[in-house]
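Positions annotated as transmembrane segment by TrEMBL: 31-48, 69-88, 108-127, 139-161, 181-202, 223-242, 248-266. Summarising the annotation, TrEMBL assigns domain 'DUF6534' to 187-272. If you look up TrEMBL, you'll see 276-297 marked as region 'Disordered'.
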Amino acid sequence: MSAPVDVAGMSDEQVEAIAQMALGGNLGYNLGPFLLASLFDALAWGIVSQQYMTWWQYSRETERKYLRYLTHVLTLAAFGYTVMLIAYVMQNFVYNFGEFKIFMNIKWAQLFPFIDACLAAPVQAFYAERSFRLNNRNYFLLCLIALLMAGSLSTTIWLLVSCQALTNLLQAELMTPQLRSWQVITLATDLLITTSIGWGLWQSRTGWSDTDALVKKLLMITWETQLGPTLLMLAFVIEFSITPPASIGIFFELLIPKAYVIGYLATLNSRYNLRREGRGGSSQRDGGGGLQKPNTYALGSHNLQQATVRVDTDTYVESYAMQPHRFGINRTGVRTTDNDLYELKEHDDTESAENLDYAQNLSKRNLNTKDSPV
């Protein structure tokens, strides 16, 4: 684009000539980002709708009330943003086809940073609350993130108010300080949230293989869900540093809101996936083709890992001899063998009460008297 030009008071033919001179040299570079941004945003809306349906089916009933409302609002806002971009592209490429001056309209372009901040703020607050809890309820960290979020939203309001003095998009270079402030503050907020959540999860390691495996999973989820908007904003900052007034920056700017919503819904759906894996609802096959046993630990990984528990055992051997069984005098004898129990006589034969031989009876009193029986 050329240097800032004030088109106030010019005729439509003059404005068209200036716009064609500024944009007609490289149509793909100057006008392509508008069309491609709308196309990729529509694809991103397809991802958001699929994520929302998955969340509605599996997680809506168990979700906290304020998160249910937040999810509904963000999904509707993402849909409205897609409709807005389609209307913007239709106006530029369909209803005003062949006109270059329509791309110089500042009314649409000035709204995009403010809409980006409005969609990013709830998602950043969602992650900030988790960062606060993961870092032992660190109020200093929470206040710092809140200040950065407020600063990001304030700079977009400042930018929106400042754009009211512009007459066309060619003067966007005059808004470089405001736009640069919004970019840097938003990027700093995303980096701080991602780093603090990652640090809090890393500090949660316990040394147990199942817990550490879960921590690694959560770290990967954190990086994956935060990587999209962070990389887009980083690319926007780099591009704006090289060529501040270029149209290619609009491509990154228009995709940032959907990146936040996709990351947010991916985080909610990942919690359901972790709970499902923890329950071990179905057997999975490992790389060798065998069935993999489910992990019995809640929120544990299906991948069995080392969990060594050493158990020391001592064996004690005790032996003793049993006394032979005594049979009473009224019990008949038991036929025994050499290895069986034997009958132990309680009296000698000479003293047995069953011996009726008077000659050998122990009671021999008065046997030689006159009156003794014969």
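Heads up, the Cβ atoms here are built off N, Cα and C, so glycines get one too.
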Arithmetic mean of per-residue pLDDT over the domain 'DUF6534' (187-272): 85
Considering the transmembrane segment (223-242), which listed stretch of 31-48, 108-127, 181-202 counts the most C-beta pairs under 8 Å: 181-202
